[in-house]
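Undergrad: Once you've had a glance at the structure underneath, I'll fire off some questions.
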Amino acid sequence: MLIPSKLSRPVRLQNTVIRDRLLAKLASTANYRLTLVNCPAGYGKTTLVAQWAAGKSDLGWYSLDESDNQPERFASYLIAALQLASGGHCVKSEALSQKHQYASLSALFAQLFIELSDWHQPLYLVIDDYHLITNDVIHEAMRFFLRHQPENLTLILLSRTLPPLGIANLRVRDQLLEMGTQQLAFTHQEAKQFFDCRLVSPMESQDSSRLCDEVEGWATALQLIALSARQSNSSAQQSAKRLAGLNASHLSDYLVDEVLDHVDAEARAFLLRCSVLRSMNDALIVRLTGEDNGQQRLEELERQGLFIHRMDDSGEWFCFHPLFATFLRQRCQWELALELPGLHRAAAEGWLALGYPAEAIHHALAASDVSMLRDILLQHAWSLFHHSELALLEECLNALPYERLIQNPKLALLQAWLAQSQHRYSEVNTLLERAEQAMRDQKIEVDRTLEAEFDALRAQVAINAGKPEEAERLATEALKFLPLSSYYSRIVATSVTGEVHHCKGELARALPMMQQTEQMARRHQAYHYALWALLQQSEILIAQGFLQAAFETQDKAFELVREQHLEQLPMHEFLLRIRSQILWSWSRLDEAEDAAREGLKILANYQPQQQLQCIAMLAKCSLARGDLDNANAHMQRCEVLLHGTQYHRDWLTNADKPRVIHWQMTGDTTAAAQWLRQTEKPGMADNHFMQGQWRNIARVQIMLGQYEEAEVVLDELNENARRLRLVSDLNRNLLLSNQLYWQMERKSDAQKVLMEALSLASRTGFISHFVIEGEAMAQQLRQLIQLNTLPELENHRAQRILRDINQHHRHKFAHFDENFVDKLLTHPQVPELIRTSPLTQREWQVLGLIYSGYSNDQIAGELAVAATTIKTHIRNLYQKLGVAHRQEAVQQAQQLLKMMGYGA
């Protein structure tokens, strides 16, 4: 929950001086990207900007305190402030910030600016006390903010120091409005107005001017003079003498003598006790002081001018002036040292009662009360965990002595889950083992339910580490004892069980487990696991050969991403990548490439090493188009990423696929042989990951003429794929078997497996898998089409594949261009009939398409002419070639190509 007072613009104080000259300057704020009000404490920065902001509905206000150095907290409040300013316009950014579902602050701000692109009115964001920010991550994000904010959005920063935000650059480009100490110092006229409002007896102009000069227009000093004069019934001149030459660093003694010592003991104690609060309301005051009239007390102090401000229009929330707050806290530590821990405990209890556990934790830490901190964590830690307050939880757990943590095994479990959620996978087992050993040493008993929760986490760790047997045992054991109320651990254990079945190739068992995981995760709003379950379902359906069903499952996942604002999570890249894989399989290459590039955009906010699979996907798209240069450029990027990085074997398999295909297309046997010597040979090919790597190996073996070895590999792959019903893998394997048999001159076997592959492709929709095999595939498909033995659906697919090969790989059709024809006609062995009665360029094109297996309608579509025109071209070229039907024309074209040195 966000504290409302931090998002409320300060209410104008009574008797404030309206500073018209400065307000006139602020009137031009909308013309600048940044307005910076930068001067020491006590010059009236907040009061001035609050005057200017009065009546503006399109303005958000964010009051900082020390806790806002946590990037997640900073982001939540900043977005909330802009939501208030825009009337709730930035719904998606708000959801991302609340759930912490963004890759970085800059990525979140980028989304914010997208949403604000259709907000056309001026918009203002005030951030008060920016000097409290010391986190470089936030500074860097705010530099991004200033570079990219919309033209109609102005940022107003109030700070005691110059913020490290590239101010000089903004100044040079005239995008900065600055106001400093010289501008904010009170003028003689403003000082006169100030004293007239506060003193019973009016002050002469020359006296107020002299006082103003003596304190150099410092508003706080003027306020202290007036306060001291009222409290001691002395003249303002006498009070001023005490302040001569005084500045903010020497205020403490003065405030003791002239402020604290002039209030009664009860009021003094009230002020000191309240100082532990960064903001306060009646309920909190009652907790700290035991007085029932807290609100009345605060209002009375405000009337006395004791540096206390209302923080919102409702008048419910108050805070001390920053200078006075710092002074009071120092005095509290001095005068109430023994009472201070109890005050922080009372404050923590007050915040808990109001429903703000994060603020309560701040006070428990300040009290060094580990028992209270432990109790807060036991009650609220999992809620904070599910709201992604990971940094705060880590601070709390680090503050707890380990023996206290171990005495509460739930906190030991939380610590391990925290490491898991922060992707510190290598630490999780270490934390669990240490906790187990400590609990054994201290004879701490863990009940069976909690042990099951530990098992669920251990199962997740095991599957991440590639240990499916251990993961299955732990997940099964966990599900035996987990009650329905332990929903998170049940989701984890169910997900792991499904993933284990997936890894073992038990797809019929894996799919319902992942569907169950999705339903449970949606019911309990664990949307990360719901998305993960959908991704797993899609991969399982792809493996089963149901690519259309997988595509529709991905649509559900995209819908979940949009609804729950998961766009910036790495899992969104995973979704885009497997969408790209399906689109590539179907030869929708432009869409496949777009999806991979969208994935790279998401990964721009993460380590470059994570880009490997998307870049490999781009290489595959280029290979399917026959664009070897572009494919090579992508693969060089992959090589850079692979160098010196330890990747999971599944990642390596996906990166190796385009490499071995590229070596096949370019005939680079040297690189292929070196890779084969070095690559890891996986174990049993019981899932599509293992099948993929063994296919890479078999492809290289075929390239190197190691036909017997390749046949052994492919026979085993096909046997496993049939047994486990890995239909897509079987489809891919058969295409490699076809290439093997073709190279071995076993044409009958090659044709048999190709026909089975075409039949399976009616289910999978595969096209590009055929296309990348190039000319050898084209020749075989032409022969099958000419035999006219293929069923209609397979025949249509074969013609589509041929068209793609011709389009992307410039095979037979490309040979009948003008240069080829010129060389053909001057060849000494060219038939005399063709030499004396040459075909037109268009007729040569038609002959090439006939040879490629195109029907008349397809030729008409390819050349964008009427079907009747194509019939005329065919009749003419038959006459010139001296042939009577299509089969003879194909044979004639084949002979011409062979004569010119092209294999037929």
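Start at 1 and count along the chain as shown; that gives each residue its number.
Every residue, even glycine, has its Cβ placed from backbone N, Cα and C.
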Undergrad: In Swiss-Prot, which of 176-195, 236-255, 556-575, 856-875 is labelled DNA-binding region?
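TA: Of the candidate stretches, Swiss-Prot labels 856-875 as DNA-binding region.
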Undergrad: Which sequence-distant residues neighbour the DNA-binding region (856-875)? Criterion: at least 6 residues beyond either end, Cβ under 8 Å.
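TA: Result: 799, 803, 842-843, 845-846, 849-850.
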Undergrad: Do any residues at least six apart in sequence from CYS39 (ATP binding site), in the same chain, have a Cβ closer than 8 Å to its Cβ, and if so which, in order?
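TA: In sequence order, the residues whose Cβ lies under 8 Å from that of CYS39 (ATP binding site) (at least 6 apart) are LYS45, ARG160, MET179, GLY180, THR181, LEU184.
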Undergrad: What are the other residues, in sequence order, whose C-beta lies within 8 angstroms of the center of the C-beta atoms of CYS39, PRO40, ALA41, GLY42, TYR43, GLY44, LYS45, THR46 at the ATP site?
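TA: What remains near the Cβ centre is ARG160, LEU184, ALA219, THR220.
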Undergrad: I'm checking region-level scores; what's the whole-number mean pLDDT for the domain 'HTH luxR-type' (832-897)?
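TA: Result for the domain 'HTH luxR-type' (832-897): average pLDDT 86.
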Undergrad: Given the binding-site residues PRO40, GLY42, GLY44, which one has the fewest other C-beta atoms within 10 angstroms of its C-beta?
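TA: Candidates: the binding-site residues PRO40, GLY42, GLY44. Fewest Cβ atoms within 10 Å: PRO40.
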Undergrad: Within 10 Å of each Cβ, count the other Cβ atoms and name the one among the binding-site residues ALA41, TYR43, THR46 with the highest count.
TA: TYR43
